[in-house]
Amino acid sequence: MTKQEKAINLSESAQVDQQSVQPFPRSRKVYVEGSRPDIRVPMREISLDDTPTDFGGESNAPVLVYDTSGPYTDPDVIIDVRKGLADVRSAWIEARGDTERLEGLSSDFGQQRLNDAELAKLRFAHVRNPRRAKAGANVSQMHYARQGIITAEMEYVAIRENMKLQEARAAGLLNEQHAGHSFGANIPKEITPEFVRQEIARGRAIIPANINHPEVEPMIIGRNFLVKINGNIGNSALGSSIEEEVAKLTWGIRWGSDTVMDLSTGKHIHETREWIIRNSPVPIGTVPIYQALEKVNGVAEDLTWELFRDTLIEQAEQGVDYFTIHAGVLLRYVPLTAKRVTGIVSRGGSIMAKWCLAHHKENFLYTHFDEICEIMKAYDVSFSLGDGLRPGSIADANDAAQFGELETLGELTKIAWKHDVQCMIEGPGHVPMQLIKENMDKQLECCDEAPFYTLGPLTTDIAPGYDHITSGIGAAMIGWFGCAMLCYVTPKEHLGLPNKDDVKTGIITYKIAAHAADLAKGHPGAQIRDNALSKARFEFRWEDQFNLGLDPDTARAFHDETLPKESAKVAHFCSMCGPKFCSMKITQEVREYAAKIEAVDVTVEQGMREQAERFRQEGSQLYHKV
């Protein structure tokens, strides 16, 4: 530890990122209660102004939006990152009666870190003893689902996905929605707890929720649900502190990150992860091979199954919800990458390829896969089967190495399911638009509809600094075709470690892609927010336009750059066209004129009817005697 690190006592000094706890404008946190009082599902309600009298003068119902920010945006909750978040799930877990509280950490590395006095000032102070399944028990959500049990977690996500659709229909918010094209997905008009159970039992969806992460607000990943996004954080050997990583977490979930992966490769990985999990209301994923490599000082050849197994247990006992495991990088696939333009670009994939070549043995993650499953089901950690041979350039897309690994991931998925372990599949990468559908179709075929989770894909390689856009295009497409979760890409992709602004930009880009996919699939209620914003735009309700957007702050700032006065917030024009050329204003004038013409036409028509009736009453004679 450096002198500076020794001087910092995080258990005393750590503070929440103040930007992350600011309430959203005209929004309030609401909770929808389930069948029991401790199932309280958070949503964000956006209040809207009334329609101006010029436009008919009606009240506008508030709009509910999916909320990933946890208690950080609830003004009634006092946030203290030194203590972590409140417990959400322990009562549900205890009631099932199939877990036990351990006397302490069971991983060798976890015990070493706990006994290192020098780390005391960096350590999260309120570490619980971990839980584990009782001997012979399986505590995965898939296992419960296959037993016909609807867990509290399943009910929770059903309420969360449904977003009070019945009330929205009653309020007329669903009167306008285009029919979607879902490419064979089976999206019901209403998400019920039983439907959630069926999808998890079938393997088409997962609820990543480790029994040692009781702070998590359950969410679901699957093609028949809302498309989710993941945001990456994590330190590197070149910098970033524990407090900065927690700030990235809280900042990311504020803007809509459904899950977060901690990809730390620098110092204090164990301690950083503890702080992140204890303060995270969303599932946390990791790539355990990264930390295992740090334990052997970066020498891939020195990795062993025993060391990796201890790392899995260490992280499972901390509460990691899903592991990326690169078990599909087989020895026979490595030569297939030799003629690629960019070779093996996955860090985990390259580590395992190097180990295989150095020992001329099969990947130990593959040969010990059943043993990994035993660990996963003891803590309910979900698999995210890593695509270690994903293409790193569009030239390498859809090649033999990529699809060979995908077929192996399909085999491993079926092994995981035999153990009732939840599983999703990671995908590319760099893929031109015309090859994206083939990726999705191949994954559905090989992996029997297990959820697909892709990094983009990037659709072109010519835009360093703008890869959030090149990948957002591919993300929207593959989300429409059936991908369940999209891993965000920031503007810093290929260039450097993202800062807070980059994280926000990446998340907003991917929220757009995910929402566009939901619209295209015809997800029930997906168009409510679009309709509300479009109506606000036509009626010049500027504040409602800002507040209904994914990023109210940026929308307001852009508007105020040219029209900063408060009077501009009620003006019937913006700086794009000015007062005389605003299409919305002209359209309203056309409507008013048409209404007047219609009124005149009605008067004329009424007069004509009266004259016709008089004509008939007078005998229907064309001429009358004088």
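Here the Cβ of each residue, glycine as well, is placed from N, Cα and C on the backbone.
Marked as substrate binding site by Swiss-Prot on the basis of sequence analysis: N232, M261, Y290, H326, S346, R347, G348, D387, G388, L389, R390, E426, Y453. Taking the Cβ of Y453 (substrate binding site) as reference, residues of its chain lying under 8 Å away and at least six apart in sequence are, in sequence order, I221, N230, S384, M424, I425, E426, G427, C483, A484, M485, L486, C487.
Among the features that Swiss-Prot reports, Zn(2+) binding site is placed at H430, H494, with the record citing sequence analysis. Under the three-state DSSP scheme, H494 (Zn(2+) binding site) falls in the coil class.
The [4Fe-4S] cluster binding site annotation in Swiss-Prot covers C574, C577, C582 and rests on sequence analysis.
Here the compositional bias 'Polar residues' (10-22) has Cβ contacts under 8 Å with residues 69, 72-73, 79-82, 121-125, 242-243, 246-247, 250-251, 254, 275, 500 of the same chain, all six or more residues outside its ends. Summarising the annotation, Swiss-Prot assigns compositional bias 'Polar residues' to 10-22.
As annotated by Swiss-Prot, region 'Disordered' applies to 1-22.
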Within 10 Å of H430 (Zn(2+) binding site) by C-alpha distance: pick out those among the binding-site residues N232, Y290, S346, G348, and say none if nothing qualifies.
none
Name, in the order they occur in the sequence, the residues of the same chain whose CB lies under 8 A from the CB of G388 (substrate binding site) and which sit 6 or more residues away.
H326, G328, V329, I344, S346, G348, G349, S350, M352, A353, E405
DSSP-assigned states of the compositional bias 'Polar residues' (10-22) in counts, ordered helix, strand, coil:
8 helix, 0 strand, 5 coil
Validating a neighbour-count step here. Other CB atoms within 10 A of the CB of G348 (substrate binding site): how many?
22
Provide the three-state secondary structure of S346 (substrate binding site) computed with DSSP.
coil
Tally every other Cβ atom lying within 10 Å of the Cβ atom of R390 (substrate binding site).
26
Within the chain of H494 (Zn(2+) binding site), which residues six or more apart in sequence place their C-beta under 8 angstroms from its C-beta?
P464, D467
